[in-house]
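Note sheet for the following structure.
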Amino acid sequence: MEQTEDWTRTRLLMALVGAAGGFSLWWLTAELPSLLGHDRMEMFLTLAILSFFVHVMALTGPIQLSRALAPAAGVAVMIAGLTIWGSLRFPSAADFIEAGHPMVALAMIYLVGTPFLSVMLEYGRGAWRDYAALFQTAWGILVRFAAAGLFTGVFWGVLYLSDALLSLVGIDAIERMIRVDAVPFVLTGTVLGLALAVAHEWKDYVSPHLLLRLLRLLVPMVVPVLALFLLAVFVTGLDEVLNFTSETATLTAVAIGCITLITVSVDRDGFHQVFAWPMRWGVKALAVMVVPLAVLAVWGIGVRVLTYGWTPERVLAALSVGMVMLYGLAYAPLVLWPGDWGARVRGVNIGMALLSLVLAVLWLTPILNAERLSAQSQLARIAAGRVAPENAALWEMAHRWGLPGRAALAQLSDVSDLPQRDRVLELAAKANAKASRYEYNDDQRQATPAEQAGQLAELIPLRPEGVGLPGGAFGKLPEYLIAQIRQGCSMTFEDGSPGCVYLEVAFRPDLQMQQGVILFRTANNRAEALAVRLNGDMLERDGDLRNLPDGRWVNLKALVIKRVLDGAYAIAPAQVNALHIGDLILFPDN
């Protein structure tokens with residue numbers, strides 16, 4: 001009876017907390033801006049109040065509501081203050097939020113910091129070293145919020161269905177109720193708080209154990225796939241793998257997935273970790289394979305930074321890849337060393353969680369100022385002439401990288417030997433004046449297709465020496481393709497050579513028309529190639545190119561363009577036979 005009364009009281013209190021949180025969210029978004037008119041103060045109050053309610057709802061259950069209020073308020077104020085500190089590198093709070101990456105740091109603080117706070121309140125200050133408590137608390141919070149969120153969605157589905165049913169008989173009470181501005185917020189908060197209370201009451205049934213056991217089942221599937229991938233990299237080389245702009249993100253995501261599977265497999269203690277020998281060796285194999293995954297990810301982000309310089313997104317990616325590398329370097333020797341490798345992995349997880357929390361905090365301080373690092377990197381590239389003015393991150397410096405970006409943009413005029421000085425300063429002034437990226441690029445969009453084709457003809461070098469093309473030869477190519485080739489041409493090599501070339505190649509001497517190949521640079525230091533032929537005075541596409549020995553689509557490095565420009569190529573017959581049957585000449589299309 002006493003337990004039932006406690007449950008009822010907790011449910012009521014959590015429903016009230018949720019209702020207050022929902023009303024606060026409505027008030028902060030609908031009323032506060034008109035009252036203050038100061039964006040940083042609005043952001044401080046919004047983050048402080050919302051953080052308070054999020055922490056209270058996450059902590060309450062394992063901890064009594066009265067004990068959770070003060071710590072939740074203190075942490076909320078610290079997070080809000082830290083966020084304001086980070087926003088000072090931007091002209092306004094809106095610019096800070098629009099940058100995106102600060103929100104990643106805030107999410108990391110919430111996800112990692114809340115379990116540490118909860119176990120210290122529940123078990124004492126020294127409990128932050130108790131891995132079993134941290135593991136159970138972190139996954140418990142995740143499952144409670146997932147269950148409560150699912151129930152809240154079901155509640156709204158039933159509410160809308162009820163409104164539809166009553167509307168059949170002319171009753172619109174529910175519709176009129178939810179049309180009141182604050183009501184949807186209050187209802188959502190109330191139901192979410194109530195569901196969180198019920199989820200904790202039935203924690204023996206609504207527990208993370210089922211989810212963790214299901215995740216373990218993925219280990220036998222992931223291990224052979226990952227092993228096959230790494231074997232393919234070893235056999236075929238990086239050219240077949242690191243070919244897309246998202247390779248670093250993909251590799252990092254896979255590595256994080258492996259780390260998650262390792263973590264759920266060692267569980268909270270030795271009694272609950274995997275025991276079957278295939279699972280144990282599968283987890284060990286995953287731990288070892290995190291290292292080569294991390295190496296590939298480091299290679300990918302390194303190539304992009306060396307090619308294009310730093311941006312805030314690349315700084316964040318580099319930190320993520322660095323964390324993955326640390327996990328891999330720590331896991332691999334620990335699982336191979338005899339003894340209780342599960343306990344050693346659990347110890348590493350505590351240290352890495354604390355390190356990620358520290359990095360997230362530092363991201364919002366001047367110590368890890370991604371905008372300053374990026375702006376200085378791009379300024380150095382522009383000053384050294386390593387990037388064409390049209391491809392320089394001038395607009396980002398003016399509008400996305402806060403005060404450090406604007407300061408770097410202003411420094412351009414002080415560079416005495418600035419390559420293409422007039423063009424750079426012209427585009428810098430334009431970047432300052434244009435509020436959107438679309439407006440900044442509108443001069444290229446407003447050019448007619450004929451003008452764009454003419455500009456391409458002036459940019460692209462022709463090989464072999466002495467080869468010529470009629471005026472306006474590029475005019476029949478699709479506009480999007482002309483834009484891609486022009487962009488490739490502007491991605492110059494270190495010696496200033498353009499990143500494109502037209503090479504005359506008579507693939508079929510029997511055709512009475514000029515044939516050739518257009519090569520141009522693309523993202524990720526790659527190149528694309530397309531066959532063309534001169535039909536009258538206009539070039540037209542003649543298909544894509546394949547590598548004759550294996551029949552695969554060509555996968556080219558940008559260095560291929562440089563070799564063609566330098567004359568390091570040969571045009572020779574391919575040693576193949578065709579089947580002649582009457583007037584037919586048959587050859588397999590590989």
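Each residue, glycine too, has its Cβ placed from N, Cα and C.
Feature annotation from TrEMBL assigns transmembrane segment to 12-29, 41-61, 68-88, 100-121, 141-162, 182-202, 214-236, 248-266, 286-310, 316-336, 348-368.
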Residue list, the transmembrane segment (41-61) vs rest of chain: Cβ under 8 Å, 6 or more residues beyond ends.
-> 10, 13-14, 17-18, 20-21, 24-25, 28-29, 32-33, 68-69, 71-73, 75-77, 79-81, 83-84, 87, 93, 96-97, 106, 110, 114, 117-118, 121, 141, 144-145, 192-193, 196-197, 199-200, 203
Are there residues at least 6 beyond the ends of the transmembrane segment (182-202) whose Cβ is under 8 Å from a Cβ of it, and what are they?
-> 7, 10-11, 13-23, 25-27, 30, 57, 60-62, 143-145, 147-149, 151-152, 155-156, 159
With Cβ distances under 8 Å as the criterion, find the stretch in 248-266, 286-310, 348-368 that has the most pairs with the transmembrane segment (68-88).
-> 348-368
Contact set of the transmembrane segment (286-310) with the rest of its chain, CB cutoff 8 A exclusive, min separation 6+ beyond the ends, reads 219, 222-223, 226-227, 230, 233, 238, 241-242, 247-248, 251-252, 254-255, 258-259, 261-262, 317-318, 321-322, 324-325, 327-329, 331-332, 334-336, 345, 370, 373-374, 377-378, 380-381, 387, 393, 524-525
